Amino acid sequence: MSELTLTVMRLGFLAVLWLFVIVAVQVIRSDLFGTRVTQRGSRRGGETRPQRAQAQAAPPQQRQQQPAAGGGRRAERGRRGAPTKLVVSEGSLTGTTVALQGQTISLGRAHDSTIVLDDDYASSRHARIYPDRDGQWIVEDLGSTNGTYLDRTRLTTPTPIPLGAPIRIGKTVIELRK
Amino acid sequence: MSHTSNTTTISTAGAPSRRNTELALLAFAVIIPCFAYANVGLALHGEMPSGMLGYGIGLGLLAGVGHLVVRKFAKYADPLLLPLAALLNGIGLVLIWRLDQSPRLAQLAKNQGFKFVPSAPNQMLYSALGIGLFVAVVIFLKDHRILQRYTYISMAVALGLLIAPMFFPAKFGARIWITLPGLGSLQPGEFAKIVLSIFFAGYLMVKRDALALASRRFMGMYLPRGRDLGPILAVWALSILVLVFETDLGTSLLFFGMFVVMLYVATERTSWIVFGLLMSAVGAVGVASFEAHVQARVNAWLDPFGGWGKSAASEQISQALMSFGSGGVFGAGWGQGYSDLIGFAANSDFILGTVGEELGLAGVMAILLIYGLIVERGVRTALAARDPFGKLLACGLSGAFAIQVFVVAGGVMGLIPLTGMTMPFMAYGGSSVLANWALVAILIKISDTARRPAPAPAPSPDAEMTQVVRP
């Protein structure tokens, strides 16, 4: 065996050994578990790539979703005074915020809702919140048992949501904020 | 989980099962030792070794069986534990085979009147048995919490395992073997490590509140009450007894260290660590002052080159130090070192010396990192475990593993006195390989339970009737 071959094999083995260590560490890095935010294409941003952000295990009720790319996207939204996030202010999900990015937000006890309400007085598909063509946010009751209240009035038709007005669903209260 | 278009869904991320990651890493972990094996053959004989194919297939088969069983019976287990252990076992096999090729060791055995028997085939057999034990534990241990029922039985078993070697003749200066006529010998201390950590976990889970809360504050430290000191004193006394009657420094250090680690984890009181260190220092110094075997070890540690030609123990340590030195940063290359000069126990206690000489600092660091990763996965499992018993058991097992690696590597490198323990998975020895595969199997079971997604809440909220608000 020539000296050169042996030297190459010697260094090659060390390289392979370290490669294994590095791959193992990469596996650990991708192995942190916590909450997962799956994002499906937003209407305006043109971001269709599903995103997977992993936060360190937070208590399930206190999860927060941060807008994926802070200021840049907000500037695109145009309209001044438009709400940027939905905040749960009462009920078991208190403190949860969802960034408003032109997507429809469904509320209810069904586990595929955007905001899954753990609330005996909420229906499986209780209400939805969506932007109309002008970017005005609308809340619509989906035929729920106990109804959806905007401020103190029970909704009968899709209604625009004023900034900061409480929307009551069962024991949960949500509002839109800037 | 279904998505309507244009929505964001927030949910708890269930850890995926990651079995394919494990398989890929496992394949990698089999290829590395094969590469090393070819490397040794080329360097020593200038040709590909003849046993290469059998060796590679054997290792691949063992790893494959382990993987399939994990896939079937512990679907959500940690993906790293099995590949890391398999890699260490494979590299250990290559190292042992490489030392078998040394004419110097064969001559040594002949001079001492033994027939030279190559160790690698035996070690391959032990590895197969080890994987067998691993498979058995993964299949038959349905839930690690079952072990909790056997808290005090494990104590009795562990005591038995620790005391039994006292009745057998000493081998190589330490009474740590049970010799079964016709079957060979067994090192019960390796198994006692697992059994004892089951006992500690079960005991501390019940007693930790008393140990953590009932304490007085004194000089910034929480002093435990006198009666709570009982168990730690008992374990200390036991490890001192082991040290005195079996002259085995390593085992006693391992048990006491493991107990202190688990006490600290269970109670979060730093004072236990202070106590533990003080007590082990007092114990070690006390015993070293009258026990000749321990004294020889300490002298060899303080002045390894001073005893050259006088005592075999210090000669071994100085040979090991020289092999680390001559290895340098990148090592001499597989098969090109002179670590066989260590002589006796070159392929068991001193196996790290061969790594140091032939793979150099870079190789030793990688191996130590792999050990570190196993410990890290164990501790991570403990963090993720949902039940306190599982947490403590995972901590205790990975702590014991870490202490063992530290004690052996530190001893061989001259950081602490040499203690005569085996490097887990790498060193030659059936008991060690079997016990460590069992240890990894228990960790895999705990991590499977910890990472398994929580069962769907029943009854499903969708099915439940919505309550009607009555005004």
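Using N, Cα and C of the backbone, Cβ positions are placed for all residues, glycine too.
Residues annotated as region 'Disordered' in TrEMBL: B:451-471.
For the transmembrane segment (B:23-46), the residues of the chain that approach it from at least six positions outside its boundaries are 52, 55-56, 59-60, 63-64, 66-67, 79-80, 82-84, 86-87, 90-91, 93-94, 97-98, 101, 333-336, judged by C-beta separation under 8 angstroms. Feature annotation from TrEMBL assigns transmembrane segment to B:23-46 (among others).
Residues or ranges marked as transmembrane segment by TrEMBL: B:52-69 (among others). Same-chain residues lying 6+ beyond the ends of the transmembrane segment (B:52-69) with a Cβ under 8 Å from its Cβ atoms: 19, 22-23, 26, 29-30, 33-34, 37-38, 41, 82-83, 86, 90, 93, 97, 124, 127-128, 131, 134-135, 138-139.
According to TrEMBL, the transmembrane segment annotation covers B:81-99 (among others).
Taking Cβ pairs closer than 8 Å, the transmembrane segment (B:124-141) reaches residues 55, 58-59, 62, 65-66, 69-70, 73-74, 89, 93, 147, 429-430, 433-434, 436-438, 440-442, 444-445 in its own chain, all 6 or more past its ends. Annotation comment: TrEMBL describes B:124-141 (among others) as transmembrane segment.
Per TrEMBL, the feature transmembrane segment maps to B:150-168 (among others).
Cβ atoms under 8 Å from those of the transmembrane segment (B:188-206) belong to residues 147-148, 150-152, 154-155, 157-158, 161-162, 164-165, 176, 178, 231, 248, 251, 254-255, 258-259, 262-263, 266-267, 388-389, 392-393, 396-397, 400, 404, 422, 431-432, 434-436, 438-439, 442 of the same chain, restricted to positions at least 6 beyond its ends. What TrEMBL records for B:188-206 (among others) is transmembrane segment.
According to TrEMBL, the feature transmembrane segment maps to B:227-245 (among others).
Positions annotated as transmembrane segment by TrEMBL: B:251-267 (among others). For the transmembrane segment (B:251-267), same-chain residues at least 6 beyond its ends with a Cβ under 8 Å from one of its own Cβ atoms are 162, 176, 189, 192-193, 196-197, 200-201, 204-205, 208, 211-212, 232, 235-236, 238-240, 242-243, 273, 275-277, 279-280, 283-284, 382, 391-392, 395-396, 399-400, 403-404, 407, 419, 421.
Per TrEMBL, transmembrane segment is recorded for B:272-290 (among others).
Cβ atoms under 8 Å from those of the transmembrane segment (B:359-379) belong to residues 78, 80-81, 84-85, 87-88, 91, 324, 327-332, 334, 352, 394-395, 397-399, 401-402, 405, 409, 424, 426, 440, 443, 447 of the same chain, restricted to positions at least 6 beyond its ends. According to TrEMBL, the feature transmembrane segment maps to B:359-379 (among others).
The transmembrane segment annotation in TrEMBL covers B:391-413 (among others).
If you look up TrEMBL, you'll see B:425-444 (among others) marked as transmembrane segment.
Against the transmembrane segment (B:425-444), stretch B:81-99 has more CB pairs under 8 A than any other of B:81-99, B:150-168, B:272-290, B:391-413.
Listed as Cβ neighbours of the transmembrane segment (B:391-413) (distance under 8 Å, sequence separation of 6 or more from its ends, same chain) are residues 144, 147, 193-194, 197-198, 200-201, 204-205, 250, 253-254, 257-258, 261-262, 265-266, 301, 317, 320-321, 324, 349-350, 352-353, 356, 368, 371, 374-375, 377-379, 381-383, 385, 419-424, 427, 436, 439, 442-443, 446-447.
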